[in-house]
Amino acid sequence: MTITVGDAVSETELENKSQNVVLSPKASASSDISTDVDKDTSSSWDDKSLLPTGEYIVDRNKPQTYLNSDDIEKVTESDIFPQKRLFSFLHSKKIPEVPQTDDERKIYPLFHTNIISNMFFWWVLPILRVGYKRTIQPNDLFKMDPRMSIETLYDDFEKNMIYYFEKTRKKYRKRHPEATEEEVMENAKLPKHTVLRALLFTFKKQYFMSIVFAILANCTSGFNPMITKRLIEFVEEKAIFHSMHVNKGIGYAIGACLMMFVNGLTFNHFFHTSQLTGVQAKSILTKAAMKKMFNASNYARHCFPNGKVTSFVTTDLARIEFALSFQPFLAGFPAILAICIVLLIVNLGPIALVGIGIFFGGFFISLFAFKLILGFRIAANIFTDARVTMMREVLNNIKMIKYYTWEDAYEKNIQDIRTKEISKVRKMQLSRNFLIAMAMSLPSIASLVTFLAMYKVNKGGRQPGNIFASLSLFQVLSLQMFFLPIAIGTGIDMIIGLGRLQSLLEAPEDDPNQMIEMKPSPGFDPKLALKMTHCSFEWEDYELNDAIEEAKGEAKDEGKKNKKKRKDTWGKPSASTNKAKRLDNMLKDRDGPEDLEKTSFRGFKDLNFDIKKGEFIMITGPIGTGKSSLLNAMAGSMRKTDGKVEVNGDLLMCGYPWIQNASVRDNIIFGSPFNKEKYDEVVRVCSLKADLDILPAGDMTEIGERGITLSGGQKARINLARSVYKKKDIYLFDDVLSAVDSRVGKHIMDECLTGMLANKTRILATHQLSLIERASRVIVLGTDGQVDIGTVDELKARNQTLINLLQFSSQNSEKEDEEQEAVVAGELGQLKYESEVKELTELKKKATEMSQTANSGKIVADGHTSSKEERAVNSISLKIYREYIKAAVGKWGFIALPLYAILVVGTTFCSLFSSVWLSYWTENKFKNRPPSFYMGLYSFFVFAAFIFMNGQFTILCAMGIMASKWLNLRAVKRILHTPMSYIDTTPLGRILNRFTKDTDSLDNELTESLRLMTSQFANIVGVCVMCIVYLPWFAIAIPFLLVIFVLIADHYQSSGREIKRLEAVQRSFVYNNLNEVLGGMDTIKAYRSQERFLAKSDFLINKMNEAGYLVVVLQRWVGIFLDMVAIAFALIITLLCVTRAFPISAASVGVLLTYVLQLPGLLNTILRAMTQTENDMNSAERLVTYATELPLEASYRKPEMTPPESWPSMGEIIFENVDFAYRPGLPIVLKNLNLNIKSGEKIGICGRTGAGKSTIMSALYRLNELTAGKILIDNVDISQLGLFDLRRKLAIIPQDPVLFRGTIRKNLDPFNERTDDELWDALVRGGAIAKDDLPEVKLQKPDENGTHGKMHKFHLDQAVEEEGSNFSLGERQLLALTRALVRQSKILILDEATSSVDYETDGKIQTRIVEEFGDCTILCIAHRLKTIVNYDRILVLEKGEVAEFDTPWTLFSQEDSIFRSMCSRSGIVENDFENRS
């Protein structure tokens, strides 16, 4: 947390700044207090650029101000392919050039073109021409208009949300005049649907125009049947009076076509404005979610873990975008309904009310169905969130899952969640499909009932004009009823999604007042940097807060019920009352005495100390005593319950290393201006020069997501360099030395902490007590919650905790080492500094030579690690459709597909022929048949169409759900078994996108698109066949109209498809950035870089919207031009009818016109469905790729090569001529490695950074396969075994222990293979629980509300937060040791496993390892050499080769050995060796 507390910022200014808050009652603490001249300036802009015209957006949108060159390249470049299209011969062969700069690009023309061009969207033609010749590039698109940029849109939305917040608070103050401001902020909750109202106000003009267009489109479609009636009556009269002039009929024909044209124009503009609103709303809410997470409190982040936020942005916002495009239809629905009712009554008389009654009956049935759909959607969302959260956790920790062979366990967990999710989705889809089938069949059923009633009332009154005009009106209502369920269904999704998002936006935030209160008081001693006076701090009790919120909810619900049932419950305690009593007891217990050693660390009480400017303070203590918490308390990140903290100067906390997916340089300067001299000095003092030299592109090498190309020590030093590069007054360092070896640690201490930062106030939490003498004073934290501060000598005299810790440290050796260095320095005389630099340079050169192969093996030659986002080009391959169909039908394909085709044909035939049969009935075609014959068959065709339609939708739904389920699960299975090299080089956001947005598309959108496409295609074919049957000459026009249709569709798809894919790629960048920001939230807030990352997000969202806006416009362009084709089609038909070119009856004309005048809608619908299907098939394509084509590791199980259960019984490991590379084609990392490790031997592995230490572990676990040679364990070649059989026999304690959200029990034994007694025993043996305390711990139970606050920290049922955030790093390492004990393996690998624990705990762990794994083979990679000096043998690696391999004493005895030199630098002397033989 970075804060600045000084006189330069007045309290008034701070309060004014805190007003600039979005979507929350509270301000962001981390960005309010600042006077630092070296602040993050990469997203800054001058006040003079804040013009009301929006021109400042252009300046803010310059990528070079806050994006590195790699970021710009990623979002502005993609591969170029020439297009080969059907009509390429009509265009010139010249390939258009790609604009290279923004100046060469045209601004989005929507507000900069004439009315005619806007009316027909002609301004999009340049993009279509380019897209027809080659693949569209990001720079081909129109650049963002400031009025449509996310910055402008979000500013408007923010103002509306603040207005609603203030309005809500004002109401609360009026109801509770005694309430304090803090109570108002906490309790004034927004009304439901506030976010929706804010969005509607943001887009009020735009959305109002959409509603106007929707009403106009509905009105024109409602009046068109009246022209149809006139046309039929004209044909009827013309058949009787042959001499009638045809001009009147031609006028009717042209009038009908003009009405169709107006309808198509308004319909397309309605969709354009509403879809545009959907795209913009999604962008706004994406930014709102990210900005909220920057301000969210710890409890809010507990309630909304990263996986849940990701689910909001990827899934819910996509549904909201889709829903907003249909909602204006609801506003236009009453108008068309009124028009149709009036015209039906005019045509048919009061009898029309019968059919209208059927419509209203169906509407009320649909309300019940909507309630069911709502319930299924809410239930499905719960499982979707759980699945996405688990997938995110799995992907973040996939290496750990591979180490522990937990792939099957997590695959099963995900499969179980997915099965439950699919169950709800299936029920929702079936309910929705029944509703759609009913809505589409309702007009036919209503017309059937109406005509039957009309016949009974008036047996002879069947005029063709009235009948078919009414049928057209019913068909218009059919179209409306088709869209109504979609509008309401998507509206339900939108309301649910916005409700979930509103709960996030209302979540509690960091208290900004805590930062303001840290300003020094008047009279503050200027010599002090920090002072604490009677301060108490505590971490939030998440479980208690959850219980309180639950009780509030129950009380609120019960209060509503009691209003209705007050008499029945009078005098009886309610459930909420009991809950409140239990909560009171919890709060009392919580404040009672407790043994901090046995429970979770909660906080500090009554802290009193001060720190002077320039002091170097060390904080130490046993693990779990709150060292990191004390730093957070100083930084203002921990909740203060009492006292006063005063900070005088800029303060920066350097916490757990977070590495951004960017170059090394960008990670170090982190948004500050680049100063080469300062940068080089920072790199030197942080001991990074040698590491940068070995990287292919030096400090411009892309590190890769999650720092995949770096060791733990390198990540720690880059994290340190980032903080040092910032110019601050007070530095808080959280164990920055734990991940580096003693030599590097000493260099950092000398050159950085006590060198470059010598004049700064430095506070270091550490276990490295060998350097404690360098501290001005030391703060020792005790297991009883006490804090003791003093000089080292003072504390040695009185503090038993420090005395115990020092007994395990190498302090005395360090003194000897310093004495030796003093002698050397004296001999060197005047060469002091120059000689040290030269020596360091030589050491770094050696390190460069030794580690070049190792590290370069992880990086491709140009310095990039992340693979480029895959973007398909041209049409979807048939293979994808084949794989999708295979997943959909399984073994029933020979039945399901033919049956579906039969049902589609049957539905179309019955639907169309019911109208034909109505014409037969109207003209009494079969003279000798009774009316019951016509009525019976008409009824049959109507109800058969309904039954066939239901069957068709049900089968398609079943197939779509099955395909989505199995493709997702197969992709999950494959990603769990893909090599680490793929995971390391693929951004997490991209992978997660496959299991969020792509999966959601298959669950909810693809089936709908396929249904639309198949049904509308069948309808169009049916209408064309009908026209040819009645008007044979029309067959001549069909090829010409087909060519025009294909011409338009081909031009559209050439660009529309590519721009949609481009939008998907740009969307992935937005999601990648969001995931990265969520993962590095603490670091970003500490460096006050929120604005920079929000600016980067704005840039990426704008790039996404440049494509997204065009996707919308292209759909409308093609819609209008297809309308023209359909109008030409209709004009030919109507002219053939009115001119009597063929002798057809008026009733037959009525049938033709009823369907021909629907053609514009049918053509638009099918093209939209085809396009949407192809877009959704892109999601299927990506999932199919993951499900079938991801690279796989070697066989997970080999039944024919399963070793005996007792293998390995000895633990002997032999490396024979082993060569190892991280990926095929990359340099060899381990070279010709030959080792023979005997059964039960304890091998210590050491070497400089990049020497290949951790690579041995990768080779043993076969994370990648050997390039040459073999590894034998108990004479079994491990390459012949299945990975499951190999890895489950190995145990590892990694450097970065991982905990999964859940309980300790699930983290130790996710398969439930062990008994509780075995797990308790492992916790005791691992040192997590004292043996004497075990009986008491076993008896502990959660309290009445299910909270675990009073239980032992390592109780099996103790809750584990996401990424184990409620456990310290040392505690997580104890649990990693316990995991290894649970596995009961014969071979144990320690990868710098005790780097983050104090020396006492380190000693205890080493002792337990010796005791518990005494008969096991141990390979220990360590930078604390003292932990391995008494191992059986030491392996020293250099350049991936064996440099030395012998007993520790033998190597130490050799004056020129590498091991001897390393021991000397670590202060290890002869007395440290127990075995000197």
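Cβ coordinates come from backbone N, Cα and C, glycine included.
Over in Swiss-Prot, the protein carries these features:
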type	residues	note
TOPO_DOM	1-206	topological domain 'Cytoplasmic'
MOD_RES	THR53	phosphothreonine
TRANSMEM	207-227	transmembrane segment
TOPO_DOM	228-249	topological domain 'Extracellular'
TRANSMEM	250-270	transmembrane segment
TOPO_DOM	271-328	topological domain 'Cytoplasmic'
TRANSMEM	329-349	transmembrane segment
TOPO_DOM	350-357	topological domain 'Extracellular'
TRANSMEM	358-370	transmembrane segment
TOPO_DOM	371-433	topological domain 'Cytoplasmic'
TRANSMEM	434-454	transmembrane segment
TOPO_DOM	455-478	topological domain 'Extracellular'
TRANSMEM	479-499	transmembrane segment
TOPO_DOM	500-615	topological domain 'Cytoplasmic'
DOMAIN	581-808	domain 'ABC transporter 1'
TRANSMEM	616-636	transmembrane segment
BINDING	GLY621, PRO622, ILE623, GLY624, THR625, GLY626, LYS627, SER628	ATP 1 binding site
TOPO_DOM	637-892	topological domain 'Extracellular'
CARBOHYD	ASN661	N-linked glycosylation site
CARBOHYD	ASN759	N-linked glycosylation site
CARBOHYD	ASN799	N-linked glycosylation site
TRANSMEM	893-913	transmembrane segment
TOPO_DOM	914-940	topological domain 'Cytoplasmic'
TRANSMEM	941-961	transmembrane segment
TOPO_DOM	962-1027	topological domain 'Extracellular'
TRANSMEM	1028-1048	transmembrane segment
TOPO_DOM	1049-1117	topological domain 'Cytoplasmic'
TRANSMEM	1118-1138	transmembrane segment
TRANSMEM	1142-1162	transmembrane segment
TOPO_DOM	1163-1477	topological domain 'Cytoplasmic'
DOMAIN	1213-1464	domain 'ABC transporter 2'
BINDING	GLY1247, ARG1248, THR1249, GLY1250, ALA1251, GLY1252, LYS1253, SER1254	ATP 2 binding site
- Query: Are there residues at least 6 beyond the ends of the topological domain 'Cytoplasmic' (914-940) whose Cβ is under 8 Å from a Cβ of it, and what are they?
  - Reply: 444, 447-448, 451-452, 455, 459, 462, 464, 467-468, 471, 1026, 1145-1148, 1150-1151, 1154-1155
- Message: I'm trying to understand the geometry here, so how far is the Cα atom of GLY1247 (ATP 2 binding site) from the Cα atom of ASN799 (N-linked glycosylation site), in Å to the nearest whole number?
- Response: 37
- Task: Take the transmembrane segment (1118-1138) and find every residue of the same chain, 6 or more past its ends, with a Cβ under 8 Å from one of its Cβ atoms.
- Result: 120-121, 231, 234-235, 238, 246, 249-250, 252-254, 256-257, 260-261, 264-265, 267-268, 271, 1027, 1031, 1033-1034, 1037, 1041, 1044-1045, 1048-1049, 1052, 1056, 1144, 1149, 1152-1153, 1156-1157, 1159-1160, 1162-1164, 1167-1168
- Message: Using other CB atoms within 10 angstroms as the count, which residue among the binding-site residues LYS627, LYS1253 scores least?
- Response: LYS1253
- Message: Spatially, which candidate from the recorded positions ASN661, ASN759, LYS1253 is nearest to SER628 (ATP 1 binding site), comparing Cα atoms?
- Response: ASN759
- Compared by Cα position, which of the recorded positions ILE623, GLY624, LYS627, ASN759 is the closest one to GLY1252 (ATP 2 binding site)? ILE623
- Find the shortest Cα-Cα separation between SER1254 (ATP 2 binding site) and the recorded positions GLY624, THR625, GLY626, ASN799, and name the residue that gives it. GLY624
- Query: Can you tell me the three-state DSSP label for SER628 (ATP 1 binding site)?
  - Reply: helix
- Query: So are the transmembrane segment (329-349) and the transmembrane segment (207-227) touching or not, going by 3+ C-beta pairs under 8 A with a sequence gap of 6 or more?
  - Reply: yes
- Message: Can you see whether the transmembrane segment (250-270) and the transmembrane segment (941-961) are touching - at least 3 CB pairs under 8 angstroms, only pairs 6 or more apart in sequence?
- Response: no
- For LYS627 (ATP 1 binding site) and ARG1248 (ATP 2 binding site), what Cα-Cα distance in Å is obtained after rounding to a whole number? 29
- Item | Beyond the flanks of the topological domain 'Extracellular' (350-357) by at least 6 residues, Cβ under 8 Å | 341, 344, 446-447, 449-450, 453-454, 457-458, 470, 474
- Task: Report, in whole Å, the straight Cα-to-Cα distance of ASN759 (N-linked glycosylation site) from ILE623 (ATP 1 binding site).
- Result: 30
- Task: Looking only at C-alpha atoms, tell me how far THR625 (ATP 1 binding site) is from ASN759 (N-linked glycosylation site), rounded to the nearest Å.
- Result: 29
- Using C-alpha atoms, which one of the recorded positions ASN799, ARG1248, ALA1251 comes nearest to GLY621 (ATP 1 binding site)? ASN799
- Message: Validating a neighbour-count step here. Other CB atoms within 10 A of the CB of THR625 (ATP 1 binding site): how many?
- Response: 26
- By Cβ distance under 8 Å, which residues at least 6 away from the ends of the topological domain 'Extracellular' (228-249) in the same chain are close to it? 256, 347, 464-466, 468-469, 472, 1134, 1137-1140, 1143, 1145-1146, 1149-1150, 1153-1154, 1157
- Message: Checking distant contacts: for the transmembrane segment (941-961), what same-chain residues at least six beyond its ends satisfy Cβ-Cβ under 8 A?
- Response: 422, 425-426, 429-430, 433-434, 436-438, 440-441, 444-445, 448, 888-889, 896, 899-900, 903-904, 906-907, 910-911, 913-914, 917, 1002-1003, 1006-1007, 1010-1011, 1014-1015
- Candidate recorded positions GLY624, GLY626, ASN661, ASN759, ASN799, pick with smallest Cα gap to LYS1253 (ATP 2 binding site): ASN661
- Message: Using a 10 Å radius around its CB, how many other CB atoms surround ASN799 (N-linked glycosylation site)?
- Response: 20
